[in-house]
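S.K.: Here's a structure for you.
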Number of protein chains: 2
Amino acid sequence: MKPLKVALLGCGVVGSQVIRLMHEQAGDLAARVGAPLELAGVAVRRLGRKRDIDVDPGLLTTDAESLVTRDDVDIVIEVIGGIEPARSLIVAALSRGKSVVTANKALLAEDGATLHEAARAGKGDLYFEASVAGAIPLLRPLRESLAGDHVKRVLGIVNGTTNYILDKMDSTGASFTDALEEAQTLGYAEADPTADVEGFDAAAKAAILAGLAFHSRVRADEVHREGITEITATDVASAKAMGYVIKLLAICARSDDGRSFGVRVHPAMIPRSHPLAGVREAYNAVFVEAESAGQLMFYGKGAGGAPTASAVLGDLVAVGRNRLAGTRGPDESTYADLAVHPMGETVTRCHVALDVADKPGVLAQVAELFAKHDVSIQTVRQEGRGDDAQLVIVTHRATDAALSATMSGLRELDIVRAVASVMRVEGDD
Amino acid sequence: MKPLKVALLGCGVVGSQVIRLMHEQAGDLAARVGAPLELAGVAVRRLGRKRDIDVDPGLLTTDAESLVTRDDVDIVIEVIGGIEPARSLIVAALSRGKSVVTANKALLAEDGATLHEAARAGKGDLYFEASVAGAIPLLRPLRESLAGDHVKRVLGIVNGTTNYILDKMDSTGASFTDALEEAQTLGYAEADPTADVEGFDAAAKAAILAGLAFHSRVRADEVHREGITEITATDVASAKAMGYVIKLLAICARSDDGRSFGVRVHPAMIPRSHPLAGVREAYNAVFVEAESAGQLMFYGKGAGGAPTASAVLGDLVAVGRNRLAGTRGPDESTYADLAVHPMGETVTRCHVALDVADKPGVLAQVAELFAKHDVSIQTVRQEGRGDDAQLVIVTHRATDAALSATMSGLRELDIVRAVASVMRVEGDD
C-alpha cells in the first residue's frame, strides 16, 4: 500500500515525541489508518542543533516553505506555534490540497477563519485536537459527539501552570509568588510566566472552545481576561474556610435567551464538591453542561510532549483515513453565528470581602447599596471586631455591570475602609 | 435539500426523547448534518399505548421489519434493546445499505461481529456511542482520538445503579439491602435488579470497551464477572477506615508483555484520592491510562432518556454527514486480535480480613502461607483482641490464581476462624 507522506514542522518538545511515536507505533498506525505513514521531512530552525530524538539528518530542512508545498506530501503537522510563519505555512499547505494537523491555539484563536477557509478551498482537513487541553479528547467530543445536543456552558481548567500554582496555594497556604517560584523550579512555569498567569493561554483556548460549543466564530480578543497575579494567600484561605477553592476558569456560557454567549477567563471560587475542585497539580479538566446530556467532565494532562503528541497522532490517524477514503472530516461549523456579548451582560455570583468600621448601621448602608444596583445578597457574615471587622458577602446572580457598579459604590462609602477581595463564584447553580 | 429519512425502532424512555429532540432541534440538526432529518416511521410493540411524547399516529407501525427495509429509509435508530428482534432488524437494515445507530450494549457484546460484518458488507455505518456510559462521549474518543496511542488500562464505573447503591452504603453506612431498596424507590434500580447488581450490564459494557481499547473482538461471556450483592456494611466501613472506597469497576487491562489482556467486572477498593472515588450517586466515569496521553477521565450521566438520546443524536449527525459525503466512519478495528487471558493470570492487589485466634504465632503461620503462594504482603494490621481478633492484610500485586490459592489455604488453617472479606485493590499503582 502506498504510504501517506507526512511533513513535520517543528522538532521541539512535541515534535520529537511525534517522531518517536510515529516510529515506535508504525505498525499500529498503518493498521489503523489503512496505509503506512512515512515521514517526508522535518522543518527545523537550525540543522546542527542537538535534539532529544534521533532523526535521519537527510529528513531535516530549514526550508519549511518548500517542504509543505512538496507534491509528494499528503499531510502537514504544525507544532512550531506562534502566528508567523505558522500561518503562512499552514495556508500554503492547505491551498495545495494537503491536510493539516496543528496544536497551535494562538493562531487558531487569532485567525482561525483564514485557516478554515484555506482548508475548505483546498478540500483538505484541518484538525487541532492538541490545541486545547493537550491529551484530553475534548474537541472531537464537542464537535462530533455533542453535535445532537445544545451546549449551555463550558467551564474549563485549561492551563496547567496556573492550576499548579493555585493548587499549591490552596494545599500549602503559599503566596502567589512562592507558588510561582516552585512551579518555575519544577518546569511547570516558564521564566516569563505572563502568557500563563495573565490568562492569555487560557483565553486562546476559551475562544476555540466557545466557537465549537456554540457553532460560531470567536477570536481571542473577544475573550474577557483576568489573570491570577492578584490572588493572595488570604483570598485562598477565605475561600477554603467557606468550602470553596479558587481556580482559573475558562468559561463559555450561552445567555438565558440563547441568542448570544459570553467568553471569559478569570479566577473564580467553586464549591469543593464540584468535580472541577478535585483537579490537582498541573492537570486540566473541562466541565460541559448540555441540555440533554447533562453534566459531563473530561480530565487529563493538558500539556507535555508525549500527551500533546498523542492528540496530534489521533488527528493524524483520522486525517489519514479521510484521505484514503477521499473524504473530509466535519468542517468548521459557524452556522449559528451567535454574538459574543459584552462582559457587563455576563451573569455571575460574587464573593466580596469588605473591611468595615465596626459600628451599628454598617450592614444597613452596605445592603442598601447592593439593593440600589439590583444585586441581591445571598449570605452575609461578619468576621472580627473593631478595626479588624470584615463583612463577607455572597450575592445571588447579577450582571457583571451591576456587580462592578456595586463595587465602585462600596469603595466610595465612608464606612468601607477597603474592598479586600472580590471574586466571582461559579459552579454552584 | 433532500432530507435524510430516519426510522426509529422503539418509543420508550430513550426513543421518545429522540423524537422530541429531532423535533425541537430540527433546524440545528439540519445545519450540522447538511440536510434535514425526517422521521420516516416509528416501530412500536402496540399501537394504542399511551406515550410520553406526541407522535403523528401515521408514523407508528408494529411492522418493524418492513420499516427498516423500506427503500426510502437512510438511517435506522435501534433503541428497543435485547438480542432479538433487534439483531435481525439491524442486520436487515445494514444489509440493505442503511446506516444504523444503536444503544444496544447487550447485542453488541453478544454478537457484535455479525453486526459489524453486515455494516461492512452493506457499506453503511454502525455507530453505538450510547451503548456505554450513556451521554458520556467515550467510544468516539477511544475509537478516534486515542487512535494514535496505546491504551494500557481502562477502569470504569459504567453502571449507575450499583454506583448509587455503593455510594449510599459509603455515605450513610446502609446495608446493601437497604441501599438497594432506596435505589428502587427512587427509580435507579429495577424491580428485578439482577442485571445491574450481578454485573451483567457492566460486563457487556466492559466487552465493548475492551474491544475498542485493544483493537480486538471481545464477547460478554469472556468477561470475568462478580456482582456487589455480597458486600457488607462492614466491608464498606473497613475500606473507609483505610482511606478507600468500594466501587463496582469494569476493568480492561493489557498484560505486561502486551500480548493479551484481561476483562473483568468486580467490586474493588480504590483510594479516595483517585479521580474515580469522587464519582457519586448514579453518575458514570471511565478512567483511561494510555502510554502517551497518560491518565484521562470521562465523567457524566450513564443512563436516562435525554442523556442517552443525546448520544444517539450525536451519532445520527455523524452518520448523516457520512451518508451525504458518500463515505463511512471508521470501521470496526480488530487488527490486533489479542487474546483475552484467563482471570487467573490477571494481576491485582488484594485486601483480606481474617478472623483469627489471638495467640502467638498466628501471623507467622499466615505469612508463611502467603509466601508459599508467592504472594507478597504490603501491610498487615491486627485489630481487636481475643475472640474478636482480626488480621487485615493488603498484598502487593500477584496473579489472581495465586491469590485464590492463598485464600483457599487460609480457609483451611486452624488458626483462621473465617476469611471475613476479600476485596481487590485497584487504582493505586
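The backbone N, Cα and C atoms fix where each Cβ goes, glycine too.
According to TrEMBL, the protein has these features:
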| type | residues | note |
| --- | --- | --- |
| ACT_SITE | B:Lys205 | active site, proton donor |
| BINDING | B:Leu9, B:Gly10, B:Cys11, B:Gly12, B:Val13, B:Val14, B:Gly15, B:Ser16 | NADP(+) binding site |
| BINDING | B:Lys105 | NADPH binding site |
| BINDING | B:Glu190 | L-homoserine binding site |
| DOMAIN | B:351-424 | domain 'ACT' |
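Quick one: how deep are these features, and who are their neighbours?
M.R.: Counting every protein chain shown, the Cβ of B:Lys205 (active site, proton donor) has 28 other Cβ atoms within 10 Å.
Of all the Cβ atoms in the protein chains shown, 26 others lie within 10 Å of the Cβ of B:Val14 (NADP(+) binding site). DSSP gives B:Val14 (NADP(+) binding site) a helix state.
The Cβ of B:Lys105 (NADPH binding site) has 25 neighbouring Cβ atoms from other residues within 10 Å, across all protein chains displayed.
Look at B:Glu190 (L-homoserine binding site): DSSP puts it in coil. Within the same chain, the residues at least 6 positions away from B:Glu190 (L-homoserine binding site) whose Cβ sits under 8 Å from its Cβ are B:Thr161, B:Gln184, B:Asp196, listed in sequence order.
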S.K.: Let's see if you can do this one: DSSP helix, strand and coil counts over the domain 'ACT' (B:351-424), in that order.
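M.R.: Counts, helix then strand then coil: 27 helix, 30 strand, 17 coil.
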S.K.: Taking 8 Å from the centroid of the Cβ atoms of B:Leu9, B:Gly10, B:Cys11, B:Gly12, B:Val13, B:Val14, B:Gly15, B:Ser16 as the cut-off, which other residues in that chain fall inside it around the NADP(+) site?
M.R.: B:Leu8, B:Gln17, B:Val18, B:Val79, B:Ile80
S.K.: Quick one: pull the CA-CA distance for B:Lys105 (NADPH binding site) versus B:Leu9 (NADP(+) binding site), whole Å only.
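M.R.: Just about 15 Å between their Cα atoms.
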S.K.: Just to verify: the residue among B:Leu9, B:Cys11, B:Val13 with the fewest other Cβ atoms within 10 Å, which of the binding-site residues is it?
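M.R.: Counting other Cβ atoms within 10 Å of each of the binding-site residues B:Leu9, B:Cys11, B:Val13 gives the minimum at B:Val13.
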S.K.: Express the distance between the Cα positions of B:Val14 (NADP(+) binding site) and B:Lys205 (active site, proton donor) as a whole number of Å.
M.R.: 18
S.K.: For B:Gly15 (NADP(+) binding site) and B:Lys205 (active site, proton donor), determine the Cα separation and express it in whole Å.
M.R.: 20
S.K.: Which residue among the binding-site residues B:Gly10, B:Gly12, B:Gly15 has the fewest other Cβ atoms within 10 Å of its Cβ, if you could check?
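M.R.: Comparing Cβ neighbour counts within 10 Å for the binding-site residues B:Gly10, B:Gly12, B:Gly15 gives B:Gly12.
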S.K.: Have a look around B:Ser16 (NADP(+) binding site) and count the other CB atoms within 10 A of its CB, chains all included.
M.R.: 22
S.K.: Once the DSSP letters are reduced so that anything not helix or strand counts as coil, what is B:Lys105 (NADPH binding site)?
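M.R.: For B:Lys105 (NADPH binding site) - judged by DSSP and reduced to three states - the answer is helix.
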